[in-house]
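Colleague: Quick one: the structure is below, questions incoming.
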Amino acid sequence: MMDLAVLQQGLAMLASPWTFLALSAGLAGGILIGALPGLTATMAVAVLAPFTFFMEATIGIPFLLGIYKGAIYGGSIPAILVNTPGTAAAAATARDGYALTQQGKSRKALEVSLYSSVVADLMATLVLIMVAIPLASIAIRFGSPEFALLYLIALTMIATVSGESFLKGLIAAGLGLLVASIGLDPMSGYQRFTFGNTDLLGGVSLIPLLIGMFALSEILMQLTYPPEPSSDDHGVVEHGGERLQWSEFWALRPTILRSTSLGTFLGSLPGLGAEISCWIAYGVARERSREPEKFGKGSLEGLAAAESGNNAVVPAALIPMTVFGIPGDTITAVLIGALMAQGMMPGPLLIQQNPGFLFGLFLVLLVTSVLLLIFGLAAIRWLKHVTRIPATVLYPCVLLLCVCGAYAVNSSTFDLLILMVGGGLGYVMRRTHFPVAPLIIGLLLGPGFESAVRQSLVFSNGSLAIFWSRPGSLILLILLALVILTMAWRGMVKAGFVRKRSNSHPSKSNKT
């Protein structure tokens, strides 16, 4: 239960003009960044995170959350207007959004996108507030065996869902664990893989590596393989046309509620980001629709489903981060790094040691939902030409921010080397279709996973029975087995060893 001091601290954080200013600036900047094709939400948060290290946590973290929320929504604007998703999370939005624009209904499409996003964001934030503290009260009772299995479940899930190949995801996660082992042994203090370099005694600097793998590698990909314009894209369509009627939006409430629920559930699972959630929500909405033939041709249902599904992920991804210290997606991985730089440890200790800050963060998230509506209405009116900014202007500015951000962390030129190595590694992984997310999550969870396993074995005198002899660890072990079995089943279905249920009902599959 929250006492009066916690409530006062949270309200003071919300009432601070600097917090409100940082949140507003982050949200506005995030919408602008999301509306620029080629700039992703992960890139934005990773590049700007180092600049928050010099701010108070009550200012810097709300700024990054504003960037996160704004960029996810902002990606829908170019997706609707020019058929070019500003972020990967808006890929499904482009299908029906641009079709509506071609029909002269771009204003209606933009309003459906905004209102669906706001409703989904608000509902998912309420779910976060309701479940975070009760779950954390359970997580506080976890011992080393439970955390070891929890980390293993997270790594397995991320390796499974982050790419087309589970093997590549597993290799990437293993590489992340290997990179995490660089530095001093947490229990013995011996040097590992430092090769005599004192700059590596504290391990690989996280933020420069994140900037390199997400931002620098993205720039390299865009420069070497620029996206080809869609054959339907003839420039920015002058948006206008009829406005969204209340009756039309009210008719979308089942779709929005269902997609929000899906997005919230999927977002709370490690590794399932907005990019995946939007397509799952879109597919389910099409299956449940009375007019599935309109999907892809200007369906308001399809547009609402995609935007509800991806925006609900943002607050939901904070659930595993605040409760267990496990990132829900790549952006929350960066947020974990930002919190650690502020001297806070994500997970149950965050709620135990900084309850006032966390309560203030919940209030900030609620206010962000309201500000998203206000800023979104302004963006609909003013950001229609932002997609015309040329890459020759955009990418040099981003590259400059990458270098400044990486150097600002420790004022070390060695971090610039990590930035370049991270950029090159991220580029090679993207080119060879290796998912980047498992590597980053493995790097973040590696130290905690290693410590939990080794402490468990010390407590049990080397006996592995400690991982199933306790009720909590036994439940998690069963959950891990279910995750592995589900992964194996999916692999068998994909390989053709098991026929999908839809194959035995051709009449049903023909309807879609």
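Counting begins at 1 with the first residue displayed.
Each Cβ is built from the backbone N, Cα and C atoms, and glycine gets one as well.
Note that TrEMBL annotation is computational and uncurated.
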Colleague: Transmembrane segment per TrEMBL: which of the ranges 310-327, 328-345, 436-453 is that?
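Modeller: When 310-327, 328-345, 436-453 are checked in TrEMBL, transmembrane segment belongs to 436-453.
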Colleague: Take the C-beta pairs under 8 A between the transmembrane segment (392-408) and each of 40-65, 72-94, 114-140, 262-285. Which stretch has the highest count?
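Modeller: Looking only at 40-65, 72-94, 114-140, 262-285, the most contacts with the transmembrane segment (392-408) come from 40-65.
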Colleague: On the 0 to 100 scale, where does the mean pLDDT of the domain 'DUF112' (21-441) fall?
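Modeller: The average pLDDT of the model in the domain 'DUF112' (21-441) works out to 84.
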